Amino acid sequence: MASEFDLIARYFKRPVPAGMLGGGDDCALFAVPEGMQVATSTDLLLESRHFFSDVDPFKLGIKALAVNLSDLAAMGATPIGCLLGIALPRIDEGWVKAFADGFYTLVDRHACPLIGGDTTRSESDIAISVTVFGAVDPAKAMRRSSACIGDDIWVSGYLGAADIACSMMLGQMPMDLALLDRTRLALEQPVPRIDLGKALSAYAHAAIDISDGLAQDLQHILKASRCGAQLHESLLPIAPVLQGIDPARLRQAALAGGDVYELCWTAPIDAREAILKIGQTLQTPVTRIGSIISNQQLIVYDSVGSPLIDLPFGFDHFRT
Ligand code: ADP
Ligand code: MG
């Protein structure tokens, strides 16, 4: 039977870039380029709450780092490194290896070396905690409090697919295997928008990743920036794979569906061309969906120009 230290040595210790001290000592060490600040964020993933017990461990490894990188992206930060805390009820080396391979896929893709962590045994469920570190120019960091009245509101990628996949897997919607096939990638292997966040930071004012749903997360920007927003439902970039789904369900998925690791940002009107160019260069859809207004509320206009009465809520772990 492998020990805690065997597991770490076998699966969570790979060389880190020169100039850094990775796992193996009491702390990791890394430098930040002159003039930059450290951007850091942490996310906890619990079995049954954030992922299904039978999830493919390779995909879970990808997602565990992706959701954290998404926070760096929303700040416009460049990844430096990450820490991984993992609690396992038992050692299943096949599972751990697949998880580590998935995790390292994103470590390599985004140059975000694993530089330490903690490994422990849990009573029953798996718990995963990842902390990321990035570097950002504090003058360019896209804070939630930086939106300005008159700004355009933009969103990256497509909306709704993760929510539809999750609903089917939870049995809240009739299972359609072909539809699940087309939507589960969005749920299980989100793409953190690191390059987009970095490029946008030269133009955008405020940004957020919409992991708890567009409407709810945009409200965080509105509150922090003391302003409001108007959105147009017809402009929302609904995932093309969702064609044919009931419009009311699509509205719910696009406005409130969680587990979306896309960015929503505000930017001055004169940045439109530059932002469209960034989207083209990165081959990432970028869509203008509304604007920032002084009236401190979120208004969503439907396709005939009437404001929606009951905006669907996003995700909240403690809402009953
Ligand atoms: P300490 O007792 O000082 O907390 P540990 O015995 O927990 O150290 O960990 C030993 C080393 O292995 C540390 O450098 C730690 O960062 C690293 N480590 C432990 N678990 C992980 C993990 N899951 N992934 C990466 N590094 C890890
Ligand atoms: Mg420890």
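These residue numbers are counts, starting from 1, taken along the chain as shown.
Using N, Cα and C of the backbone, Cβ positions are placed for all residues, glycine too.
Among the candidates D71, D92, D101, the residue that TrEMBL names alongside D26, S41 for the Mg(2+) 4 site is D71.
In three-state terms derived from DSSP, D118 (Mg(2+) 1 binding site) belongs to an extended strand segment. Counting other C-beta atoms within 10 Å of each candidate's C-beta, the binding-site residues D26, D43, D71, D118, D209 are led by D209. When secondary structure is read from DSSP and collapsed to three states, R144 (ATP binding site) falls in the helix class. Distances between the Cα of D26 (Mg(2+) 3 binding site) and those of the binding-site residues D43, R144, S211, D212 are shortest for D43. A 10 Å cutoff on Cβ-Cβ distances gives H50 (substrate binding site) a total of 18 other Cβ atoms nearby, all chains included.
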